[in-house]
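Worksheet: the structure to be examined is printed underneath.
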Amino acid sequence: MLRVRCLRGGSRGAEAAHLIGAMLGRAVTGWVQSAFQSSSSSAAAEDAVTEPAEHECPVCAYNEWDPLEEVIVGRAENARVPPFTVEVKANTYEKHWPFYQKYGGQTFPKDHLKKAVAEIEEMCNILRMEGVTVQRPELVDWSFEYKTPDFNSTGMYAAMPRDILMVVGNEIIEAPMAWRSRFFEYRAYRPLIKEYFRKGAKWTTAPKPTMADKLYDQDYPIRTVEDRHKLAAQGKFVTTEHEPCFDAADFIRAGRDLFVQRSQVTNYMGIEWMRRHLAPDYKVHIISFKDPNPMHIDATFNIIGPGLVLSNPDRPCRQVEMFEKAGWNVVKPPTPLIPDDHPLWMSSKWLSMNVLMLDPGRVMVDANEHTIHKMFQNLGIKTIKVNIRHANSLGGGFHCWTTDVRRRGTLESYFN
């Protein structure tokens with residue numbers, strides 16, 4: 001397999017990005033470049049694949065806290081409520097089931113969605129003011145029904161790039177996802193990813209699951225929180241091991257070590273695919289929590305600095321000793337302040353700890369969560385306060401709503 005890598009200090013891609021030309025010669029290099037050109041000459045000049053210089057790689061991140069230079073922020077526009085299928089039911093609580101039964105396949109409440117759009121626009125403006133380059137996915141109409149040989153569905157949104165995209169070193173990895181309503185979500189991000197690829201980034205798409213019925217336990221027995229605790233403790237989830245699946249948001253990075261949970265959307269086959277793909281440069285560690293409904297790790301265990309991690313006190317980590325023995329500071333964030341009557345159709349109140357680090361000394365945090373502001377103040381971290389309460393209702397906090405494309409740093413190991 002031919003690999004094009006960018007030079008960047010300490011990275012996995014610290015090799016010259018001219019292997020194709022060296023192996024196959026100028027003629028074939030010209031053919032490779034022409035394959036990415038449009039029929040018009042102006043588009044051809046714009047789209048040609050180039051050999052980036054050492055400092056030009058547009059994609060590079062090794063952890064969750066190095067100084068953030070470029071980020072993708074999702075879109076709330078055209079967001080649809082996912083159809084109420086078995087995998088959605090397993091990831092939501094009973095009190096919200098009537099909402100899904102009524103609105104599945106339709107738009108989220110329009111007034112609420114309008115406020116969410118405005119909040120995310122303001123979040124983008126603040127990121128720019130903090131010196132971060134902001135990219136956005138394409139606007140897509142998610143109302144169209146699509147059909148594969150195995151299922152039919154409408155789409156959902158492109159609100160949470162963290163769920164579908166993960167940057168490891170100079171590589172963008174597209175996650176296969178596990179919800180049928182998110183099968184084609186990658187389409188909103190493809191123009192951005194292609195541009196990063198043309199400028200030298202690696203681009204990998206994980207095997208796309210068929211999402212046939214065999215991927216899901218059609219009789220998954222859930223109703224009460226007690227049911228969910230029992231099933232999770234037994235290692236039983238709505239997704240089976242029929243084929244690999246994972247959401248990128250079930251992984252979190254700390255240099256050469258990545259941590260992942262088996263969840264309702266990430267199975268062991270998906271984890272094993274990532275482990276083999278990233279070896280030998282990176283280690284993938286499975287960790288677990290006392291969580292009745294595991295889905296996405298970053299509101300349960302959020303690594304925010306070298307030797308510093310937020311650990312949800314309601315969902316304790318069973319492998320926390322690994323971090324404590326390595327000298328890490330395991331911080332339990334305060335109870336969230338979000339009101340009980342605020343709709344959280346797709347998440348818990350613990351989005352309060354779903355923060356985005358701009359660098360080790362700055363964090364983007366919910367403007368309403370005064371107690372967590374105090375926690376960060378005690379840690380010596382400046383808070384950049386933004387209100388995205390209506391955007392929270394769509395299933396994510398600041399970490400979920402973003403994918404960090406480039407952080408200024410080098411590859412290091414934070415564990416012995």
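The backbone N, Cα and C atoms fix where each Cβ goes, glycine too.
In TrEMBL, annotation is done automatically, which means it is predicted and not curated.
Over in TrEMBL, the protein carries these features:
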- Asp247: active site (ACT_SITE)
- His296: active site (ACT_SITE)
- Cys400: active site, amidino-cysteine intermediate (ACT_SITE)
Within the same chain, the residues at least 6 apart in sequence whose Cβ is under 8 angstroms from that of Cys400 (active site, amidino-cysteine intermediate) are Met160, Arg162, Asp163, Ala249, His296, Asp298, Leu351, Asn354
Ordered by sequence, the long-range same-chain Cβ contacts of Asp247 (active site) under 8 Å (at least 6 apart) are Asp163, Ile164, Ala175, Met177, Ala178, Ser263, Val265, Thr266, Met295, His296
Within 10 angstroms of the C-beta of His296 (active site), the count of other C-beta atoms across all shown chains comes to 27
